[in-house]
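Here is the structure we will look at.
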Amino acid sequence: MKFIDEARIEAIAGNGGNGSASFRREKFVPFGGPDGGDGGRGGSVFAVADRNINTLIDFRYAKKHVARNGENGRGSDCYGAAGDDVTLRMPVGTLITDMDTGELIADLTEHGQKVCLAEGGMGGWGNLHFKSSTNRAPRQQVDGKPGERRMLKLELKVLADVGLLGMPNAGKSTFISHISNARPKVADYPFTTLHPNLGVVRVDHEQSFVVADIPGLIEGAAEGAGLGHQFLRHLQRTGLLLHIVDLAPFDEAVDPVAEAKAIVNELKKYDETLYDKPRWLVLNKLDVVPEEERATRVKDFIKRYKWKGPVFQISALTGDGCRELIYAIKDHLAALKAEEAAALAEPDIRLDERLHNVDHDGHEQ
């Protein structure tokens with residue numbers, strides 16, 4: 001299935017039904033009084049996050065989503081039926097923005113999360129509501145309210161734990177296909193990867209994490225060159241970035257250090273928060289480098305690149321070094337989750353301390 005990560009739709013809620021101005025008509029009841037019912041509520045348009053959907057392609061072709069109007073009220077105090085709601089199923093990770101105001105309406109981060117995109121109009125009152133001691137035969141009624149109408153922009157940010165960075169042909173697709181269940185297209189020409197790929201890496205029966213591979217970046221990507229800039233937003237939710245570098249390019253004139261610096265510069269131009277994420281250096285294609293030259297080439301790269309963070313040496317093709325990298329990622333993600341859990345627990349601890357400082361009469365000490 002084609003991966004679509006952006007779409008524009010129009011959500012149109014139903015109008016509320018009009019209230020009825022009706023009077024009770026019955027034999028031997030000459031002054032039956034008002035009995036006009038209210039109009040029904042207009043249908044609303046909802047979005048629901050569904051983990052079984054991974055693309056916005058359906059919304060490229062179905063752009064207008066209209067809920068039904070509420071029915072008008074009738075006599076005999078009959079209320080109009082409410083209009084049917086429309087529910088749109090979207091991938092987990094979808095951002096929904098109002099195109100007219102720029103307001104972020106929803107960020108669908110959990111399966112089953114439901115949000116109202118356009119609210120249906122309220123039904124109007126029938127004349128039964130206007131009866132009083134001074135107005136025994138009211139003829140006024142209220143029309144239903146119009147439903148909301150919104151132009152919406154949908155953006156999908158994939159929910160991955162680890163994101164892969166690198167130039168085209170750095171070996172990202174080969175790496176993700178070796179360590180996970182993903183099977184991206186792999187070939188010896190640039191931009192083989194044209195859309196993001198997700199792979200689930202199973203460390204054991206109980207532990208796994210998700211890796212996102214995006215099209216390779218080139219210099220000028222932040223200004224729109226190449227393909228990768230379109231998909232950099234998919235890395236914003238990750239907890240770790242792996243910067244994969246081709247240490248043995250086919251073209252001997254290509255400098256791996258210059259290419260690595262170019263990637264980091266593009267990352268910084270695009271988003272400072274993305275640049276500040278934890279980032280590991282992964283030196284790939286060591287199987288192509290003669291064994292006696294490996295240590296020298298790696299040492300020279302790190303020195304010229306001025307890198308002080310974690311470094312991993314792998315061959316995505318043969319799998320050398322991949323196992324050690326996978327377990328290091330697992331430990332890093334576990335530490336991140338532990339930090340998040342501790343941060344969430346802190347307010348509860350402060351609350352407990354405050355409760356212990358209250359005397360028997362309910363006054364704080």
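From the backbone N, Cα and C atoms, a Cβ is placed for every residue, glycine too.
Feature annotation from Swiss-Prot assigns GTP binding site to 166-173, 191-195, 213-216, 284-287, 315-317; the stated evidence is sequence analysis. Summarising the annotation, Swiss-Prot assigns Mg(2+) binding site to Ser173, Thr193 and lists sequence analysis as the type of evidence. Summarising the annotation, Swiss-Prot assigns domain 'Obg' to 1-159. Marked as domain 'OBG-type G' by Swiss-Prot: 160-334.
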Alpha-carbon distance [Gly166 (GTP binding site); Ser173 (Mg(2+) binding site)] in Å: 10
Fewest Cβ neighbours within 10 Å, where candidates are the binding-site residues Lys172, Lys285: Lys285
Which listed residue (Asn169, Ser173, Ser315) has most other Cβ within 10 Å, given these are binding-site residues: Ser173
Surrounding CB atoms that lie within 10 Å of the CB of Gly166 (GTP binding site), all protein chains: 25
